[in-house]
Structures are given as structure tokens and as C-alpha cells.
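Taken from Swiss-Prot as is:
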{"type": "REGION", "residues": "1-69", "note": "region 'Disordered'"}
{"type": "MOD_RES", "residues": "S12", "note": "phosphoserine"}
{"type": "COMPBIAS", "residues": "27-40", "note": "compositional bias 'Acidic residues'"}
{"type": "REGION", "residues": "81-322", "note": "region 'Disordered'"}
{"type": "COMPBIAS", "residues": "81-110", "note": "compositional bias 'Basic and acidic residues'"}
{"type": "MOD_RES", "residues": "S85", "note": "phosphoserine"}
{"type": "COMPBIAS", "residues": "117-127", "note": "compositional bias 'Basic and acidic residues'"}
{"type": "COMPBIAS", "residues": "134-192", "note": "compositional bias 'Basic and acidic residues'"}
{"type": "MOD_RES", "residues": "S135", "note": "phosphoserine"}
{"type": "REPEAT", "residues": "180-195", "note": "repeat '2'"}
{"type": "REPEAT", "residues": "196-211", "note": "repeat '3'"}
{"type": "COMPBIAS", "residues": "200-223", "note": "compositional bias 'Basic and acidic residues'"}
{"type": "REPEAT", "residues": "212-226", "note": "repeat '4'"}
{"type": "COMPBIAS", "residues": "230-249", "note": "compositional bias 'Basic and acidic residues'"}
{"type": "REPEAT", "residues": "256-271", "note": "repeat '7'"}
{"type": "COMPBIAS", "residues": "257-287", "note": "compositional bias 'Basic and acidic residues'"}
{"type": "REPEAT", "residues": "272-288", "note": "repeat '8'"}
{"type": "REGION", "residues": "467-568", "note": "region 'Disordered'"}
{"type": "COMPBIAS", "residues": "467-476", "note": "compositional bias 'Basic and acidic residues'"}
{"type": "COMPBIAS", "residues": "484-493", "note": "compositional bias 'Basic and acidic residues'"}
{"type": "MOD_RES", "residues": "S550", "note": "phosphoserine"}
Amino acid sequence: MSKVAKYRRQVSEDPDIDSLLSTLSPEEMEELEKELDVVDPDGSIPVGLRQRNQTDKQPSGSFNREAMLNFCEKESKKLIQREMSVDESKQVGRKTDAKNGEEKDSDASRKAPGPRQDSDLGKEPKKGVLKKSFSRDREEADGRGGEKPKEEKVIRGIDKGRVRAAVDRKESGKDGREERAAAARKEEEKTGSVKNAGLSRDKDKKKEEVKEPSKKEEVKLTAESRNTVGRREDGRLKESSKENKKPEDEGIGSGGRDWRKEDEKVKKEENQPDKEVREESKTKAPEKQAPSCPNKPSDGQARAEEEAAPSIFDEPLEKVKNNDPEMTEVNVNNSDCITNEILVRFTEALEFNTVVKVFALANTRADDHVAFAIAIMLKANKTITSLNLDSNHITGKGILAIFRALLQNNTLTELRFHNQRHICGVKTEMEIAKLLKENTTLLKLGYHFELAGPRMTVTNLLSRNMDKQRQKRLQEQKQAQEASGEKKDRLEVPKVGALAKGSPKPSPQPSPKPAPKNSPKKAGVPAAPPPPPPPLAPPLIMENLKNSLSPATQRKMGDKVLPAQEKNSRDQLLAAIRSSNLKQLKKVEVPKLLQ
């Protein structure tokens, strides 16, 4: 309200404004303060705090935190209930499978022949039956405590061993059946999900299928371990019964046979679901391949491009094979659809071509096979002058093969093989420098050597080749000039008519050998002698030339050793004047100008 007070002081002269301000409500006063803040900012407040906060707004939507938390709790409870229901359904399925297995085993034991004890052992009793049997054994032991303790102990041990073996078989059979049932249900659920789910679920199914065989292997190992334990116990029981009673031995033997038969049945039952799982996996394979078909149009497009590539390069290949005079350059740089086979076909066609001078295949994914084909082509081809192999997959072996082929090639002047996928290395660079010493035609090499030694040697060799090419060019020019001069001399023939008239003027360029037919009247007169040859230049003294090129210090040292040079006319005149006397001089009249 301080700013409003200031504003009131400023406008206190006008009573109408005071009355208006007094009638304003507090909300209107706040709005007025905001407007005054904008109109007349306070200099004492920092610049960043002078403007009102324009980001303070009321929430546009109704946000309730409690409602959101309640919703999250409900969703989490639903998920937990779903998981619990799935587990319960699995447990119920396992129980039903166990009951079915018990019924089957009881039927098999009833059919099996043998004494009563063995038939009872063949059955798989329930938990209540097992408890009753244990209680009966205890009562019998208490009642007959004084009579035949040794025999009772043996019988109890035999019964206990049989009961334990039966319990172990039960547990192993139940576990195997429960796991089989669970695996079968999972497979059924997977088949339903394959039909209904999209392509995104295929990956999860593959992972589950990979896990299933590992689980089955674990189940097999546990079942085998339990069977081995049961067999060991059976062997021990047999030995103890043989020592005590023979009839019991016979019963135990029959029971062991029954147990073996049951073990074989269990193994067969375990093998059957494995076979069924394999058959189902085979049937599922085509079903899984069917939904993955829409993901393969890219492969079809790539194949179509590869098939279309040969059609694109058929025409240039035919032109190269037929030595088309218009086809002087083969440039397939940066072509995406070209393959190594097509590049090899190009090199084979260029082997006997006499027109193409430039072969460029940069960034075409060419490998060592193409490099070896190019090496063979360079040995036979004598017209290609430029070869570009930049940005490819050629290794040191392919590059060395090309340089060895250059020993038999005298036409290639430019070779580029920079920016390969594989580094050439120290050994290949040294070999390149050695091989280039025997080549005298290569002028440009597109490669940056990593080592300083090969780099300097190659630059020196290339400059040597440049000098040799320049010398050859100069020699060719001289030979051409001499040949043209000889042709001009042969073409210049003197005019017959002018000499027949007997003109006294000689020709400006007299021929050294005049023809005898030119002057029939003067046949007896001897021919005029040819003009004297021009004077030869004075011979150069090699020592003087050496002194002129040597530094001044050496020249001073060798001045005394130099021979006397020939004197010119001025020097001779001055020497004669110095050696003459007044008596020898002749009197000469003074010219009039000097008088």
C-alpha cells in the first residue's frame, strides 16, 4: 500500500480521485497496485523482481492426490490377485494329474501276479494308509517284544525299506507328472497366444521355449537320481533277506522285479511326453514362421536390388568387351547395388580392352578377390593410365599383388587406394617402396604412408619418374624437330627457269650440291666453290668454367695455377704501347679539329 500512498500524495490536489480510491474494494486495489507496478517501477528493487509473477495460475484440471493413490492400490491388488489365481490353477492341475497317475498305478499293481505283500507294495498308498501301516508295525512290535526280537527287527527293516522305496517312487512320479502337466499347459497357452498375439510376442515365446528344455533336463536328472537311490536300497534289502530267510528272499526278488517293471514304465511315460513336445515344436515352427513373414519384405527388396544390379551393368560390360571407341572411362564409384562378381567381370573384360583409359571403382566394397583380378588385368592391359580404388575393403595382400603387377605394366601413371577398411601396416608399406624402385612410369600415388621412411623413398621415386618422363618428352621433341628440318631441306628445290635465263644474281640460299641440268650452256665452266663455313666458337676451358662455379675463396687460391689466357685486340694494343719507345713511334699529323 506504500505505492498507493505515494500515488495519493501526488494526486491529493484532486478530491475526486480520493473519493474514487475510497470506494474501491480490496481486490480492485490489488489490481491497481499491479498496474502501478508496471507503470511506475521502483528503482530500489532489483530488475529481476520489479515485474509481477505472470506464471501464477489456477490449475486447469482437477488433480486429486488421494484418488490417484487409491487407483494405484487397486491396480496393484488386481495384479496380485491375477498372479495368485494363476498359481492356484497350476496347483489344481498338478493335483488332478497326481490322482490320475495314482489310479493308473493301482490298476497296474492289481493286475501284477505275486504274493499279497508284493501286491500291496506295488500300490501307491495315500498318506492315511501310510500312517496306519506305521501304527500297526509299532503295535506288533510292542505286543511281541519278548518273542523273536531278531526276526522282528529284520522284518521291520524290510517293511521300512519297502515303504521308503514306495514313497520315493511316489514323489518322483508325482514330480515328473506335475512338471509334464505344467509344460503341457504352458504349450497350450503358447499356442493360443501365437494365434492371437502380434509379432511383438514372438520373441518372448522363443525365450520361454529355450527355457523349457533346460527345465526338462533338470527333471530328468532328479528322477534318475531318485531311481538310483531306490535301486541301491533294493539291493541292500535283498542281501539282508538272503541271510535271514529264503522264502522272504523269493518274495523280495519278485517285488524287485515288479519295481523294475514299474521303473521301466515310468521311463517310457517320461519319454512319451518328450516325443510329444518335439512333435509340437516341429508343428509350431511353421506357425511361427508364418507371422514373421511380414517382417521379411526388406529381404525381398534386397534380393530384387541384387537381381536388378546385373541388368544395370549389362550394357557397359558389353561395350567394354566389344572395344567400343566411345567407352574410354569405366566409372562405377559409390554404386550401392554393384557386387564383387560384377567388378570381377569388369576387370576380366578390361584385360583385352584397348580403349578404356580410366577405371574407377571407389566405395564399391571391393575386396581382395577384386584386387587379384585387377592385378591379372594390369599384366595384360597396356592402355589404362588411371586406377581408383579408394574407400574399399582391400587388405595389404591385394595391394601388394597390384604393385607386383606394375612391374610388368608400363602405362599406368596414377594409382589411388587410400581410406581402406583395413590398415596396410608397416610391412606392406616397406614392400610397396621396394617394388616401386623398379617401376619408372607411375607418377601419382594416392596413399598417405604412416612411416616416414617409405614416404620419403616413394616421393623420391615419383620425382625420379617425373624427371625421366620429362627427358623422354624433350628427346621426342628434338627428334620431331630434326625430322621436320630434314623434310624442309628435301622440299626446297631451286627454280630451273631463273637459272636458264642466266641471271647474274645468285640465290640467297645456295645449295651446296648444284644440279648439272641447271646450266646447259656453261657445262664446261667449273662450279663456284661453296661459301666458307662460319668460324667456330673458341673452345671453352674447363678449368675456367669450374672456377666460375666455385666460391671466391677457392678462386683466389687457384689463381696462380691458372694458365695464360688469350689476349684480345685491346690487350695486344696496350701491350705494344707499353713495350714501344719514342724512337719507334712514327710522327702523325695532328687533325685539324685538334689544332
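Here the Cβ of each residue, glycine as well, is placed from N, Cα and C on the backbone.
Keep in mind that this is a model prediction, so the values were computed, not measured.
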Can you name the far-off residues of the same chain, 6+ from the ends of the compositional bias 'Basic and acidic residues' (467-476), with a Cβ under 8 Å from a Cβ of it?
440-441, 443
So, by DSSP, how many helix, strand and coil residues make up the compositional bias 'Basic and acidic residues' (467-476)?
10 helix, 0 strand, 0 coil
So how many other Cβ atoms are close to S85 (phosphoserine), meaning within 10 Å of its Cβ?
10
Whole-number mean of pLDDT values that fall within the repeat '3' (196-211):
52
Where S85 (phosphoserine) falls in three-state DSSP terms:
helix
